[in-house]
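Q: To start, I am sharing the structure in question, which I have written as structure tokens.
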Amino acid sequence: MSEKESVSSSNASEEKPLLRKRSSICKASDSTCSSDAKNVQASKLDVNFRASAPAHKRLRESPLSSDAIFHQSHAGLFNLCVVILVAVNSRLIIENLMKYGLLIRAGFWFSSKSIREWPVLMCGLSLPLLALCSYAVEKMRIYFHIPESIMSLLHFVISTSSILYPVYIIMRVQPALIFGINLMLFSITYWMKLVSYAHTNYDFRCFRQENDKDEAISDAQHSNYPQNISLKGLAYFMVAPTLCYQASYPRTNRIRKRWVFRQVVKLLIFTGLMGFIIEQYVNPTIQNSQHPLKGNYVYAIERVLKLSVPTLYVWLCIFYTLFHLWLNIIAELTYFGDREFYKDWWNASTVEEYWKSWNMPVHRWMVRHIYFPCLRKGISRDGAVLISFIISGVFHELCIGIPCHMFRCWAFLGIMFQVPLMVLTNYLHNKFQSTMVGNIIFWVFFCIVGQPISVLLYYHDYINQKSFPIRS
């Protein structure tokens, strides 16, 4: 053995007892520290929990008092409400099935009669041809420099045809209500897209002529004109989940196939749930009711309140399936990046705030192509808001009146009633300085009163006119 190895082994042997001593010292210090902590804790217990120790040391409010209720967490009560809601609705579903059985018919969605309504399908498939006409008009402007007045007239004829053609088909064929409503929704969507396409390109031309350096608008969007006039760009706009045309959109990089599959499954589930609620609860209630403006008003109030809950569920299902599931599926398949299709409208403290949050694609279209153009023409803010609601009311009436083959203007009046209701909720919000009052008024007028009354009015007017039940 060498001298270095012997020295290292001797040093190692000497370090071992030193390590043992240090570990023993650490253990002793740990034990003393723990004993000291126990002694301090025991002394605190002796002082704080003696019989003579004061139990009340400061001013405190009860958790549910008016001064403290809004500063407390109510997550447990919210969970309790959810449990009660599930339990009560489960009992009502079981009771309804035991009493009436399963009322869903085999031909609720499709039947042999649906084959006769092929013109409705052909009408929907032929509407994209009008987009090609708009594209041709824009190309004519680039190559032949036709006047703006002629351009406006041609775009007006094309966009109006996207409404009148489906109206003619529905009035001629008289399809089932669900097919007629879907065709009208599709045609109105196309009308809004065609108007946005024509209006935006007109603004591009005006911007280039005026050379106005507006910082609020991206110069890149305007410098791309007329290169943006292409079939590819128009086709993408027509299938993208937006109503506002622009030269380019924020895009994602890939399609999440598993995510799309999950959303499609949810879409099928909630669509079936919506059909179950309509067939099992809504239809029997309205068939066993009277006209809300005739007969016993106490009975009418009872029917409205009974119908309010299922119509609320249907309305929420429509919102979730359309604005969250369907639009997000389309956005994912088209790589569309801006997916703010709605905001937290359920927290709206005023009716004005609700309409700004409920349907973001339509809201952006209204602001871009109706509201601000009215302001630029010298119309007051209130006048621009009124014009926006009039246009919205007309299209709501078209979506319901045309498929029902009658015009009672209940949908139009319901939309126009939002104007005084908006003034009322704004006044209450400013007076009470509370979001809760306006939110309660919003839920009451929209869900408890407004929707059930509209359903009853249209159903009984439809029955009185046709003398047979609504075809689902």
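Cβ atoms here come from the backbone N, Cα and C positions, even for glycine.
Pulled these features from TrEMBL for this protein:
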REGION    1-34  region 'Disordered'
TRANSMEM  75-94  transmembrane segment
TRANSMEM  118-137  transmembrane segment
TRANSMEM  149-170  transmembrane segment
TRANSMEM  176-195  transmembrane segment
TRANSMEM  259-278  transmembrane segment
TRANSMEM  312-336  transmembrane segment
TRANSMEM  384-404  transmembrane segment
ACT_SITE  HIS396  active site
TRANSMEM  410-428  transmembrane segment
TRANSMEM  440-459  transmembrane segment
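Describe the structural surroundings of these features, if you would.
A: Packing against the transmembrane segment (75-94) from elsewhere in the chain is no residue: none 6 or more residues past its ends has a CB under 8 Å from a CB in it.
Sequence-distant contacts of the transmembrane segment (149-170), counting only residues of its own chain at least 6 positions beyond either end whose CB sits under 8 Å from a CB of the stretch, comprise 119-120, 123-124, 126-127, 130, 133-134, 137, 141, 180, 183-184, 186-188, 190-191, 194-195, 198, 202, 398, 402-403, 405.
Taking Cβ pairs closer than 8 Å, the transmembrane segment (176-195) reaches residues 109, 113-114, 117, 120, 123-124, 127-128, 130-131, 134, 155, 158-160, 162-163, 165-167, 169-170, 237-238, 243, 245, 362, 365, 369, 395, 398-400, 402-404, 470-472 in its own chain, all 6 or more past its ends.
For the transmembrane segment (259-278), the residues of the chain that approach it from at least six positions outside its boundaries are 104, 108-109, 310, 313-314, 317-318, 320-321, 325-326, 328-329, 332-333, 472, judged by C-beta separation under 8 angstroms.
Cβ neighbours of HIS396 (active site) (same chain, under 8 Å, six or more residues apart in sequence): ALA411, PHE412, GLY414, ILE415.
For the transmembrane segment (440-459), same-chain residues at least 6 beyond its ends with a Cβ under 8 Å from one of its own Cβ atoms are 282, 286, 289, 291-293, 300, 303-305, 307-308, 311-312, 315, 348-351, 354, 400, 404, 408, 410-411, 414, 421, 424-425, 428, 470.
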Q: For the transmembrane segment (384-404), what are the same-chain contacts with Cβ under 8 Å, counting residues 6+ beyond its ends?
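A: Result: 163, 167, 170-171, 175, 177, 179-181, 183-185, 188, 362, 366, 370-372, 374-375, 410-416, 418-419, 458, 461-462.
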Q: Please report, as numbers and ranges, the same-chain residues at least 6 past the borders of the transmembrane segment (118-137) whose CB is under 8 Å from any CB of it.
A: 151, 154-155, 158-159, 161-162, 165-166, 169-170, 172-173, 175, 179-180, 183, 186-187, 190, 193-194, 197-198, 229, 231, 234-235, 238
